[in-house]
Amino acid sequence: MRAVLETADIAIVALYFILVMCIGFFAMWKSNRSTVSGYFLAGRSMTWVAIGASLFVSNIGSEHFIGLAGSGAASGFAVGAWEFNALLLLQLLGWVFIPIYIRSGVYTMPEYLSKRFGGHRIQVYFAALSLILYIFTKLSVDLYSGALFIQESLGWNLYVSVILLIGMTALLTVTGGLVAVIYTDTLQALLMIVGALTLMIISMMEIGGFEEVKRRYMLASPNVTSILLTYNLSNTNSCNVHPKKDALKMLRNPTDEDVPWPGFVLGQTPASVWYWCADQVIVQRVLAAKNIAHAKGSTLMAGFLKLLPMFIIVVPGMISRILFADDIACINPEHCMQVCGSRAGCSNIAYPRLVMKLVPVGLRGLMMAVMIAALMSDLDSIFNSASTIFTLDVYKLIRRSASSRELMIVGRIFVAFMVVISIAWVPIIVEMQGGQMYLYIQEVADYLTPPVAALFLLAIFWKRCNEQGAFYGGMAGFVLGAVRLTLAFAYRAPECDQPDNRPGFIKDIHYMYVATALFWVTGLITVIVSLLTPPPTKEQIRTTTFWSKKSLVVKESCSPKDEPYKMQEKSILRCSENSEATNHIIPNGKSEDSIKGLQPEDVNLLVTCREEGNPVASLGHSEAETPVDAYSNGQAALMGEKERKKETEDGGRYWKFIDWFCGFKSKSLSKRSLRDLMEEEAVCLQMLEEPPQVKLILNIGLFAVCSLGIFMFVYFSL
């Protein structure tokens, strides 16, 4: 009989959502969301503890509880390799990538590529690739995994559950900027770890300890005779009923179908560089740190936390197979369809089945609340990130004169379009992932992300890399990966009891080896084309490479002058002349030359002046501009004060409330003090300062966490 949520569980779920909403609204009330740094980078005020927790929970969502546990149930320890690999790559982010992003004065990854290479081609390529990955590996997978949880706990239809999730996300979305996200993520991380540890302890006690888990897992096969009698199956064939012989090893032989060690080291690791070092969702959180020490501390904390999923997710998935082998290890497609609604396999229900069967009333509701809340947080982040990327990096290049309200409308329409595509993709995920959703995510990503990783690594470590090389190398890698992905969709793996008649280059070449080829081919083409074309300018590599100077230089043209207006007028004009991106957005048809003719009260800057990598904080917000518009590739927008007043009067109290809720805020330049501007500049200059004692402690932590990661790889692979 299926276990369901009791009244006490539902009450705890409701209380948890109320608490999360209160935290979000508190962050909305207290935080400054009217500036670029305030909205997108939490005012660069977050500590290492909060960011470390946010990094962990933004990665470990419900799709990981479904996917990691499911792969643990199906194939043993192998899937834990991604977690230990992430532990190491997080330190690459903290010690190499983040200092460069801070020194460059960028907020987004497309912005970094534009600043490093110039032009818009690579920016558009990266934006389009990000949107594809959001739809096919994030949004649709999140919807499917969350729906599985609801289906297991309430017994609802999968697609009814998907629609419910989208509706709940729309109702509970809080637009408090990154402060609210990090605060709620911190709460979710605490409860998620406590809940998962509790489940691990309960399940371990049920089995008899870790050594007993390893022994009994190798014996966890379904009772075929009992299943045939119970389910009255017309198909009496059985397949994949026994655990794999090397299930207790992490990195396996070169021909293994799950984790071949050469493919993982040479292909999967470079591909993962994109997610951990160049994905906006991850990088944005670390950029919110007070300084570089807090940024490094956050990656250390997240690295130590990444030791946990192997034990609190993967191992419980294996225990679920031990306890419920007849369901988790279904014997053929017909049986799988009756158990979980998927002919590909039922290992994905391992974790929710364990929660519903072993966890006591009350704690069960808390676990369900954490899973769904984490899922909705992921959905909200994906919606906002995708909308931002599409409107600013794609749509605005097509329609340069688009107003801010037009961009807001287009962004929301695009989100609706993404939701429709993602829901339509759910049934394909159900059947394509072969019962292991996590490996589906990795396969799709490995066909598309290695070229991006190659471009970022070359951009950072090789000064000679230029725009032409990066573009043609990236496009070559993308085309090859897209062709391979299309073939993978066209030649889908047959059901387990059917012969595999796919072409040899599809069924015999593991996707990690394809990722290896894509990474190195992209790098080779990029190097060759870069050497055959002119080198990048000094301005493009001054602050954007690993070899850049460690200090920031503030030019006089971007420094405060005696009068606020003169400073801002000269800053925008001179910084614009030296900037790579000169296509500034001037609303209402104003030209750049007309700036000099405006009065101080008519000018409202929404831009950071990034000369020589020095990010000066945004100097105000028009009510008609969204926080998203504010950071649009370091571009300036001006609007007359009279027009802003007219819009406010027309909107009345209703629009004032909407503006506050969404974080829109008007602030005249004449009211902005020189002290505020100079303090913000000083903060940016101080972010890269690192006291010797703190640096020593951080380096000791770096050695410790990397040593632990390598030890775990060796221990679980021997």
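Cβ atoms are placed via backbone N, Cα and C, with glycine included.
Feature list (source: Swiss-Prot):
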- 1-9: topological domain 'Extracellular' (TOPO_DOM)
- 10-29: transmembrane segment (TRANSMEM)
- Gly24: site 'Implicated in sodium coupling' (SITE)
- 30-38: topological domain 'Cytoplasmic' (TOPO_DOM)
- 39-57: transmembrane segment (TRANSMEM)
- 58-86: topological domain 'Extracellular' (TOPO_DOM)
- 87-110: transmembrane segment (TRANSMEM)
- 111-123: topological domain 'Cytoplasmic' (TOPO_DOM)
- 124-144: transmembrane segment (TRANSMEM)
- 145-157: topological domain 'Extracellular' (TOPO_DOM)
- 158-183: transmembrane segment (TRANSMEM)
- 187-205: transmembrane segment (TRANSMEM)
- 206-303: topological domain 'Extracellular' (TOPO_DOM)
- Arg285: site 'Implicated in sodium coupling' (SITE)
- 304-324: transmembrane segment (TRANSMEM)
- 325-353: topological domain 'Cytoplasmic' (TOPO_DOM)
- 354-376: transmembrane segment (TRANSMEM)
- 377-406: topological domain 'Extracellular' (TOPO_DOM)
- 407-430: transmembrane segment (TRANSMEM)
- 431-443: topological domain 'Cytoplasmic' (TOPO_DOM)
- 444-462: transmembrane segment (TRANSMEM)
- 463-510: topological domain 'Extracellular' (TOPO_DOM)
- 511-532: transmembrane segment (TRANSMEM)
- 533-695: topological domain 'Cytoplasmic' (TOPO_DOM)
- Ser594: phosphoserine (MOD_RES)
- Ser632: phosphoserine (MOD_RES)
- 696-716: transmembrane segment (TRANSMEM)
Worksheet item: Where among 87-110, 124-144, 187-205, 511-532 do we find the most Cβ pairs under 8 Å to the transmembrane segment (304-324)?
Response: 187-205
Item to complete: Report yes or no: does the transmembrane segment (444-462) come within contact of the transmembrane segment (511-532), defined as 3 or more CB pairs under 8 Å with a sequence separation of 6 or more?
Response: yes
Worksheet item: Which listed range (124-144, 187-205, 354-376, 407-430, 696-716) shows the maximal number of Cβ pairs under 8 Å with respect to the transmembrane segment (87-110)?
Response: 696-716
Worksheet item: Near the transmembrane segment (124-144), which residues from the same chain, at least 6 beyond its ends, have a CB less than 8 A from one of its CBs?
Response: 61-63, 66-67, 109-110, 113, 158, 162, 165-166, 279-280, 375, 378-379, 382, 385-386, 389-390, 393-394, 397, 418-419, 421-423, 425-426, 429-430, 437, 440-441, 444-445, 448-449, 452, 471, 474-475, 478
Worksheet item: Going by DSSP, how much of the topological domain 'Cytoplasmic' (325-353) is helix, how much is strand and how much is coil, in residues?
Response: 19 helix, 0 strand, 10 coil
Item to complete: For the transmembrane segment (511-532), find every same-chain residue at least 6 residues outside the stretch whose CB is under 8 Å from a CB in it, and list them.
Response: 259-260, 262-264, 266-268, 270-271, 442-443, 446-447, 449-451, 453-455, 457-458, 462, 464-466, 468-470, 472-474, 476-477, 480-481, 484, 488
Fill in: Arithmetic mean of per-residue pLDDT over the topological domain 'Extracellular' (463-510)
90
Worksheet item: Against which stretches of its own chain does the transmembrane segment (187-205) lie, if we need a Cβ under 8 Å and a gap of at least six residues from its ends?
Response: 16, 19-20, 23, 53-54, 56-57, 60, 65, 213, 305, 308, 311-313, 315-316, 319-320, 323, 354-355, 358-359, 363, 366-367, 370, 373-374, 377
